[in-house]
């Protein structure tokens, strides 16, 4: 492992360095290629969804509007973390200044929180579609959909700004501190503060409840109503299609909220820095990758739109 001893007498502005995954060159190269491949798959898969929704008029519905916004979030979310992470795997440990660490934390928390809120919005959309199919177009208007996305982003920005600014009022002793993580996430940075962090930890729990617990409970309530509505559908094929549509969303929800809750809502005494870093890999890589895989491989509309968009693009290039 990376050996580093902080010199508390060092002067100069505070900087952070990330702990490396391994010092074995062969494993470093393997990890670099693995994470790069996952990042490219996330980028290309989510870009394909956005392209298909914009290019195909049949996908211009609230469900796919929210899906394309979720895909855009996933691209931005991983791009905040992965390029810097890749540069630190193969290259020398490049320190990140205090301001840079704060900026990464702010954007990471903002995008992650918006992601969680948007998943709750998508659950509400499915609830309206299944419980009130005849009034769906009247309820889920374009104006309401845009307002819901803007509100999700606005609330996430507000909570992230409050949390990040509060954390970076703390003193960090020494010139260079090592973060046992691959990004400036809230829990590992809090551990490096040389001051009482009980108030900051309490604020983190409050933000975690607002971002994770409240939306998750709303999603659970939505799915109780959705399930009861599906069970009343007389057609077996209709029930199967409804369950298939909702199960995709539910799979992403359980993975996203479950992993994030393990990091942000567990008591600090029961958390391990190494465990947090491993769990963070799931919601940094696996969840953003599942989004395009689930919604394209299990959705005939998206697959058809992608196929026709590729064919029309190829035809226009050859003409």
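In case you wondered, yes, glycine gets a Cβ from its N, Cα and C as well.
Source: prediction; values computed, not measured.
Copied over from TrEMBL:
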DOMAIN    45-295  domain 'G-protein coupled receptors family 1 profile'
TRANSMEM  29-52  transmembrane segment
TRANSMEM  64-86  transmembrane segment
TRANSMEM  106-124  transmembrane segment
TRANSMEM  144-168  transmembrane segment
TRANSMEM  202-226  transmembrane segment
TRANSMEM  247-266  transmembrane segment
TRANSMEM  278-297  transmembrane segment
Do at least three C-beta pairs under 8 angstroms join the transmembrane segment (202-226) to the transmembrane segment (64-86), pairs 6 or more apart in sequence?
no
Winner by Cβ pairs under 8 Å against the transmembrane segment (278-297), considering only 64-86, 144-168, 247-266:
247-266
